[in-house]
Amino acid sequence: MKKQLTFYFIRHGRTVWNEKGLMQGHGDSPLTEQGILGAQKAGSALQHIPFVAAYSSVLKRTINTAEHIIGERNIPLFQHKGLNEQFFGKWEGQWVEPLREQAEFKQMISDPANYKAETNGGETYQQLAERVMHAMQDIIQIHHKGNILIVSHDHTLRLLIALLGGATWQNHREEGQSISLLNTSISVVHYDSEKGFTVEKVNDVGHLG
């Protein structure tokens, strides 16, 4: 059976740790008032889209963002750990700015192929790519047609959308391959089982005013 799906990818709302400049990863912090408002605005912008299902990571910041986007609508919300943020090991909970001076942090930002996650005990981009693509395969296997809402994280969605657009995990941070996603931005990707993936838009924040 031919499958046709449209994915609406949303980065979670702004959090307390975002405000403080702390690394999050699998660490979790609550949404700020701005984060809640951004999620509600995303929900208003997507009010006309008939979603058949919504998915988030297992982290509370994406679950809460998804709940605010859905609002009073009757849309089933599921969690998938494959949509979790990249794991940053002992960097999580630390200030981002001092970490920028570390060689391995610089590799994480600009040289994914050589980022081994050795000093922090974290997750490589290859590991992240494998689990997020498995998550997508799981979701595609369940649904045949319709619109799917996915609420996830910056590193995870940045890599995923780049992969769906034809990049590799090794080169996805090269210029023109991907961009960092803003909180509660909307990205849209179409899937056709015969034609593959088509990226329609990335990091749309028009709804945030």
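Here the Cβ of each residue, glycine as well, is placed from N, Cα and C on the backbone.
Taken from TrEMBL, the feature active site, tele-phosphohistidine intermediate applies to HIS12. As annotated by TrEMBL, active site, proton donor/acceptor applies to GLU85. Residues or ranges marked as substrate binding site in TrEMBL: ARG11, HIS12, GLY13, ARG14, THR15, VAL16, TRP17, ASN18, ARG61.
Feature annotations (TrEMBL) mapped to structure.
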{"residue": "ARG11", "record": "substrate binding site", "DSSP (3 states)": "strand"}
{"residue": "TRP17", "record": "substrate binding site", "DSSP (3 states)": "helix"}
{"residue": "ARG61", "record": "substrate binding site", "DSSP (3 states)": "helix"}
{"residue": "GLU85", "record": "active site, proton donor/acceptor", "DSSP (3 states)": "coil"}
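Counting only residues at least six positions away in the same chain, the Cβ atoms of LEU31, THR32, GLN34, GLY35, ILE36, LEU37, GLY38, ALA39, ARG61, ASN64, THR65, HIS68, ASN183, THR184 sit under 8 Å from the Cβ of GLY13 (substrate binding site). Cβ neighbour count for ARG11 (substrate binding site) (all protein chains, 10 Å cutoff from its Cβ): 28.
For the recorded substrate site, residues ARG11, HIS12, GLY13, ARG14, THR15, VAL16, TRP17, ASN18, ARG61 set the reference point as the centre of their Cβ atoms, and the other residues of that chain within 8 Å of it by Cβ are GLN24, SER29, LEU31, THR32, GLY35, THR65, ASN183. Taking a C-beta cut-off of under 8 Å and a sequence gap of six or more, TRP17 (substrate binding site) has these contacts in its own chain: MET23, GLN24, GLY27, SER29, GLY93.
Largest CA to CA distance in the substrate binding set (ARG11, HIS12, GLY13, ARG14, THR15, VAL16, TRP17, ASN18, ARG61): 15 Å, whole number. Counting only the Cα atoms, the space from GLU85 (active site, proton donor/acceptor) to ARG11 (substrate binding site) is about 10 angstrom.
In the structure as shown, the Cβ atom of ARG61 (substrate binding site) sits within 10 Å of 29 other Cβ atoms.
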